[in-house]
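Here is the structure we will look at.
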């Protein structure tokens with residue numbers, strides 16, 4: 001599986017680099033420190049709502065007290081029926097409690113509606129649940145139980161937007177201290193993100209990634225069969241495609257490959273493989289899978305078929321089909337057991353899956369077969385670091401640092417060496433050395449816009465310097481307006497700063513550049529979280545911006 005940019009982390013783990021919960025978004029964590037104590041607010045609101053005006057006549061107050069006593073007795077009976085599993089009886093009792101409740105007791109009336117909604121929930125009557133919770137929230141706008149129950153009902157009935165807004169409201173009122181609510185928010189975000197991603201993918205036009213991204217992708221293959229083919233006749237389709245590849249004229253490659261394929265040229269299988277590669281880069285997954293399948297079933301040279309297996313395995317990873325992915329790697333290894341690319345890319349998959357024992361073994365095998373391939377060597381160092389970190393092996397961590405230092409001496413022109421070592425040092429909070437390594441990477445690869453994003457992240461981690469971080473990330477966008485990593489990171493920072501409208505614009509730009517459903521799902525999750533927080537803030541008049 002080819003590298004998806006300079007960062008070794010899956011993009012959905014960006015929040016972890018900034019010390020925030022996965023998927024839920026930095027705004028949730030940030031808001032913990034921005035909101036006043038909701039319990040104090042709730043207490044004052046309930047006191048205000050339940051205070052009976054001293055202007056009322058005595059007999060009116062007595063009637064009101066008598067009415068509420070009757071309503072509370074009916075509620076108690078309803079509760080007993082509910083706990084006994086007699087839901088129809090409980091509903092009838094709560095109905096009477098609602099009828100008996102005087103209008104000057106809105107908080108109690110909200111409780112009766114909420115309790116009746118619990119009965120409807122047990123009977124899976126989702127519309128009734130939502131209706132009663134809505135009544136409860138009109139009477140008590142900060143009622144956490146009603147938000148959570150309506151969220152569950154909305155999720156069950158397919159209204160994921162409402163489900164997210166309600167669980168977001170609950171999380172804010174709970175000061176993000178209730179794990180079950182955070183887990184529910186995460187689940188809903190992922191489901192809504194996936195729904196929005198699929199809708200967007202069905203309508204959008206493919207976007208060619210930046211030239212730097214494509215060069216990085218191809219550099220992850222040490223045994224690329226396309227690069228090793230020499231063509232003399234520059235008039236046929238494949239020759240045109242190869243020339244376009246060498247000249248970074250990526251927009252012309254698919255058409256040139258199609259010309260070779262339609263003409264049944266001698267490089268038909270190689271053209272299929274190259275076209276499939278660009279279909280992958282464009283996010284045209286069905287077409288990529290079809291072309292790769294044709295290569296695999298053909299009489300193409302072994303190296304060509306193995307490269308097709310590796311790329312189809314990468315595609316299955318993007319489609320979250322791990323079983324098919326590993327099957328393709330296994331077949332590739334049977335065909336060409338000494339091909340280091342197989343183990344290198346399978347190691348990346350295991351790294352993403354957090355199967356660290358297997359990841360380190362795969363990278364070790366790749367390096368054993370091709371010790372001079374810098375990318376595999378560096379990623380082996382990083383996998384060894386993650387393995388040592390997870391196992392809290394201090395001795396191994398010391399050895400990993402020595403290996404990285406050795407790698408810098410051995411591969412001084414490999415930007416990846418500086419980048420991965422810098423991220424390891426960032427983990428260890430050695431900000432100065434990490435910054436120096438990112439600068440060294442820029443000296444080797446000055447057109448790599450993502451390096452400015454990494455430098456911005458270091459500023460956030462070491463000193464929470466938002467302005468400096470934003471300036472660096474904007475520089476990345478100036479260099480490469482297709483740097484989705486920059487838009488995503490900047491959007492996340494704007495959520496953290498409370499600039500929710502700006503974050504939505506940035507997430508939209510990142511979404512337009514996403515190449516896989518998995519990436520797009522993650523980005524929509526970030527956007528949907530920000531949108532939900534914005535709606536809640538507008539409803540309650542909250543200002544979360546950093547002053």
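Using the three backbone atoms N, Cα and C, a Cβ is placed for every residue, glycine included.
TrEMBL entries are annotated by machine, without manual review.
Keep in mind it's a predicted model, so treat the numbers as computed, not measured.
If you look up TrEMBL, you'll see 12-31 marked as transmembrane segment.
Mean model confidence for the repeat 'TPR' (71-104) is a pLDDT of 96. The repeat 'TPR' annotation in TrEMBL covers 71-104 (among others).
When the repeat 'TPR' (306-339) is classified with DSSP, helix, strand and coil residues number 27 helix, 0 strand, 7 coil. Residues or ranges marked as repeat 'TPR' in TrEMBL: 306-339 (among others).
Residues 1-3, 8, 10, 220-223, 306-307, 309-310, 313-314, 317, 322, 325-326, 329, 332-333, 379-380, 382-384, 386-387, 390 of the same chain, all 6+ positions outside the repeat 'TPR' (340-373), place their C-beta atoms under 8 angstroms from a C-beta of that stretch. Summarising the annotation, TrEMBL assigns repeat 'TPR' to 340-373 (among others).
Per TrEMBL, the feature repeat 'TPR' maps to 415-448 (among others). Secondary structure of the repeat 'TPR' (415-448) per DSSP, as helix, strand and coil residue counts: 27 helix, 0 strand, 7 coil.
As annotated by TrEMBL, repeat 'TPR' applies to 484-517 (among others).
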